[in-house]
Amino acid sequence: MSSEPGYNPGTSAPEPGMKQEQQPVPTAPQRTAPSAGLFAWLRGRCLGRSAAVDPARDSYRAMTGLYGSIQPADSVYLSTRTHGAVFNLEYSPDGSVLTVACEQTEVLLFDPISSKHIKTLSEAHEDCVNNIRFLDNRLFATCSDDTTIALWDLRKLNTKVCTLHGHTSWVKNIEYDTNTRLLVTSGFDGNVIIWDTNRCTEDGCPHKKFFHTRFLMRMRLTPDCSKMLISTSSGYLLILHDLDLNKTLEVGSYPILRARRTASSSDITSSSLSSPRAVGSPCHQSDSGPLSEKQMSRSSQREGGSPRNSLEVLTPEVPGERDRGNCITSLQLHPKGWATLLRCSSNTDDQEWTCVYEFQEGAPVRPVSPRCSLRLTHCIEEANVGRGYIKELCFSPDGRMISSPHGFGIRLLGFDAHCSELVDCLPKEAGPLKEIRSLYSHNDVVLTTKFSPTHCQIASGCLSGRVSLYQPKF
């Protein structure tokens, strides 16, 4: 243990009666910035790399340690089996309700602590229910292949609060900005639509089309809503930086600040000539690439600036897929906004990967130099079971673990064997995710999994409609 200035561990205390010499007042130890420079060190402090910034970080070790003893606990499985496959699971923010989005128009509600069935919304939609998102502890939204979004109140489930119309194809994703109370949805029509819930009535909410791109699969907002990420079935990942949801984006009006070398204009325009494969549960096909050559040339005049809603086009690196196309089927974000989590599958459906990419902030060294704001840090190959279906994975609430569908079960993955924070174990080159535990309790392919936000519990749902819960057992 290093000694602090003004203290000599080898000096004994003065004896009683002896005159003590005047000692200088100890000064705080001088913290020196690492060789990378002062600004890099300060950025590390902002990200939580220093214990002085977040002294309670290690308190999460108790929670992640509990997952080492986790076991299948209960199954919430209706004998009628009328609800079909489970496409999505969502806990309320306080962890008191678990909602289940089902293939056959239904939404199921359970008490996750007692595993008791609370309610079945038997005709929540007219087609598959794809995604559920809680706006607060009472209000939640559902979206469906019937092209609509529905708002529900847990205190009055006999009828919808309202139904939102605006998409022209299957709606697959819902996000929510708690600061502005704007609901953001995306669908296979390629549109990202914003709904103003501040002015919601029984007839719906005012809405506007915010963004459009082909091949759209999933859309996510970072926790601080400073970025929007959009994944595509053609392997591209779009990032809108300095996000402003109040600004309407017309086609071609967004400046492209940076593009990775594998996402050049020739690559993008050539992608419009090839049709993407059908993916998911099920998947819609589009007929053109995400951006045109004309849009790229227009944006090149603005390179070097940093206006709001600046677009970055990436083709994320996937191990083993450098010479083949891939489809980004699932997209999640680290709860602290440090990284993005992708599930990628090859165009031939013979490989699947779970990949973690760290956000690398800052402007490029030169405006003309291509730069990627994401860096692959960890990855692992997945079992290629249930081809054609999208498997939704997730981060734990503290961001230390990943729950990933794996065949007829789930795998708990960590950045290292000790479930450390991502920022504490960033490798110089991409390394493998560590398998912490594998859990199997289904008799069919697992399609989705979710951590409880408040309890040490995980839920998973499979193709045959079964929902399983996992909790520690001692």
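Every residue, even glycine, has its Cβ placed from backbone N, Cα and C.
Quantities reported herein were computed from a predicted structural model and do not represent experimental measurements.
Over in TrEMBL, the protein carries these features:
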COMPBIAS  1-11  compositional bias 'Polar residues'
COMPBIAS  20-32  compositional bias 'Polar residues'
COMPBIAS  265-275  compositional bias 'Low complexity'
COMPBIAS  297-309  compositional bias 'Polar residues'
REGION    1-32  region 'Disordered'
REGION    265-321  region 'Disordered'
REPEAT    122-155  repeat 'WD'
REPEAT    164-196  repeat 'WD'
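Note on the repeat 'WD' (164-196): mean pLDDT across this stretch is 95. Under DSSP, residues within the repeat 'WD' (164-196) fall into helix, strand and coil as 0 helix, 21 strand, 12 coil.
Using DSSP to sort the residues of the repeat 'WD' (122-155) gives these counts of helix, strand and coil: 0 helix, 18 strand, 16 coil.
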